[in-house]
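Okay, so here's the structure we're looking at.
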Amino acid sequence: MSTTGTSTTPSTTPLRSPAGAGSETPPDSDGSGPLRSGTRILPRVRRYRAAAASGLVVLAGVLVLWLLLATVLRSSRLVPYPWELVSQIIGDATLLTDNGEVTLTTAAKGLVLGVGAVIPLAVLGLLVRPAESVIMRVAVVIHVVPTVAIAPILVVSLSNDTGRVVITALQVYYPALVGILFGLRQADRSALDVVHVAGGGAWQSLLRVRIASAAPAFVSALQIAVPASVLGSLISEFFGAHRGLGVVLVNAQQSFEINRTWAVAVVVGLVATLGYAVVALAGKLLVPWAAGESTVGTAMAGADDYRQSGHTMAVTAVITAAVLLGGWQSLRSVFGFEAFFTKSPADVWQMMTSGHPMTGAPASAFWSEFGRALGQTLVDAGIGFIVGFVVAVAAAVALDAFPRVRTAVMPLAVILRSVPVAALIPLMVVLFGRGLVGVTIIVTLVTFFPTLVTVLQGLQATPSGAVDVVKVSGGSTWQAILRVKSVYAVPAMVTAAKVAVPGALAGATLAEWLSTGNGLGYMLTLAATNADYSLLWTAGILLAAVALILSGVLGVIDRILMRRLGAR
């Protein structure tokens, strides 16, 4: 089946002149001669030139802003001039290359592990629909556990290299899982009906229709996963590694080597951008329909008509609890994790009901401290999520309206997503302070890029026929976006929110860990520093439970919106 729409093949019969003289039209005018080739090539050249011009304008704007910021903050020397940064990168070339190899190796292994694990899970969730609820709930719980809580345990319990690969995979798998599931549901319903009428079942629909239809979303998921893997590898090296760019970054910060800190951050961003570009190029070459609009179909991207009964929802909830508790307990009973580092469900229950087993503090003291910290984290994450989501959706709409600008801006967005937040914290503190504004900026940086990519892909998945109706009626590009594309992209926006909400919680705890000194992030950091693993596990599990509740709320909103829009 073609996924690029129906096209009309030119007739091979020679065209006749209006007078009926019998002479054929010149070769250049029948669609196959040099004139036709020229008319194809020239617009493409113009597009490339326009994209290059837009890129130069954006680059010039970034350089001007950079110079202005470096000049204003010259006394603190927090931002080097561009030539100082280039000089630092050249001088540290050997250091960056040797350690970069370690970081990229871990990133590649984590990317393969994370994406490789979620593909069969996504297929299982599609074919066995009740299983999707279990898979997604378990994924949310694992994803939202703060890195500062889980990383030391993984590094200690597993070998150093294995632990870092697992940490990297944990940064990758959730957005990849959500994106792939979203793509598998994008299949055109009429094509699925054809398979069904022909006697094909769910498996045949998957092989013949859904995999091809999922290609755009799969490319988008990889574009999110590649920068996430590089950043995850870097973060994993913060916890006891001996080599890697993360080690260089930490040492540079501790030695107040600002230029080297920025050099590492920029190199990491450029490497992630290169990976993003490779994925985009591979998508255009291997699945060319992933780069354009959908030309068939009436269903909204990612919309689904599956509904769970009350009985099924109850059963999946019980199965989810059993999988989570069983997997948790197996860390000690099956995989042999040390009891000192890995607390069991019984240990956490004791902490919540009887008090701290080491200090003897009552349970009420824990709940009071946890309640205050959780309230602060929810405020930080909530405001950061709203700001990041609104800015990302607005940016996606603007970039969809101006493709030339999109070509120039997206690499900058990748760099911004891949620059370690730890490298930006000193600058954030100077510019915005340690309060709510600084935290909001950090959370926005964490949630912006996945939301931008997902929503942009949803806008581009709008059937071209629906857009053509608006344009033929005299509507502008903006009217097409507001009246048609934005409606078709609603499922993509909900999918983006499902990724961004856990991301906002993780971003808030990260900001509290590195900057503010309050909230759950700081509470977990103190627990890790003091080797208080009872507090670390209990607070981390409760935070995961909050994320699971928020994910359930998003699921309800998803169903309501789809019902209102007629997609279900």
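From the backbone N, Cα and C atoms, a Cβ is placed for every residue, glycine too.
Per TrEMBL, compositional bias 'Low complexity' is recorded for 1-14.
Per TrEMBL, region 'Disordered' is recorded for 1-38.
For 50-73 (among others), the entry in TrEMBL reads transmembrane segment.
Feature annotation from TrEMBL assigns domain 'ABC transmembrane type-1' to 96-283 (among others).
Annotated transmembrane segment per TrEMBL: 110-128 (among others), in sequence order.
Remote same-chain residues near the transmembrane segment (140-159) are listed as 166-167, 170-171, 173-174, 235-236, 238-240, 324, 331, 335, 337-338, 341-342, 502, 505-506, 509-510, 513, 520-521, 524-525, 527-528, 533, 536-537, 539-541, 543-545, 547-548, 551 (criterion: CB distance under 8 Å, separation of at least six residues from the stretch ends). The transmembrane segment feature in TrEMBL is assigned to 140-159 (among others).
As annotated by TrEMBL, transmembrane segment applies to 165-184 (among others). Counting only same-chain residues 6+ beyond the ends of the transmembrane segment (165-184), those with a CB under 8 A from a CB of the stretch are 106-107, 109-111, 113-115, 117-119, 121-123, 125-126, 132, 135-136, 139-140, 142-143, 147, 150-151, 154-155, 158, 206, 210-211, 213-218, 220-222, 224-225, 228-229, 231-233, 235-236, 239, 301-302, 450, 454, 491-492, 495, 498-499, 502.
Here TrEMBL flags 261-291 (among others) as transmembrane segment.
Here TrEMBL flags 312-331 (among others) as transmembrane segment.
Annotation comment: TrEMBL describes 374-554 (among others) as domain 'ABC transmembrane type-1'.
Annotation comment: TrEMBL describes 381-402 (among others) as transmembrane segment.
The transmembrane segment feature in TrEMBL is assigned to 409-429 (among others).
Within its own chain, the transmembrane segment (435-456) has Cβ neighbours under 8 Å at 175, 179, 182, 220, 223-224, 227, 379-381, 383-385, 387-389, 391-393, 395-396, 399-400, 406, 413-414, 416-417, 421, 424-425, 428-429, 489, 492-493, 495-497, 499-500, 503-504, 506-508, 510-512, 515-516, counting only residues six or more beyond its boundaries. If you look up TrEMBL, you'll see 435-456 (among others) marked as transmembrane segment.
Within the same chain, residues 136-137, 140-146, 149-150, 342-343, 347-348, 351-352, 356-358, 366, 370, 373-374, 377-378, 494, 497-498, 501-502, 505, 509, 520, 523-524, 527-528 sit at least 6 positions outside the transmembrane segment (534-557) and bring their C-beta atoms closer than 8 Å to a C-beta of that stretch. Look at TrEMBL and you will find 534-557 (among others) tagged as transmembrane segment.
Nonlocal intrachain contacts for the transmembrane segment (381-402), taken as residues 6+ away from its ends with a CB within less than 8 angstroms of a stretch CB, comprise 409-410, 436, 439-440, 442-449, 451-452, 455-456, 459-460, 477-478, 481, 485-486, 493, 496-497, 500-501, 504-505, 507-508. Panel annotation: around the transmembrane segment (261-291), residues 3-4, 79-80, 85, 88-89, 92, 96, 100, 103-104, 212, 215-216, 218-219, 222-223, 226-227, 230-231, 234, 245, 248-249, 252-253, 410-411, 414-420, 423-424 of the same chain, lying at least six beyond its termini, place a Cβ under 8 Å from a Cβ of the stretch.
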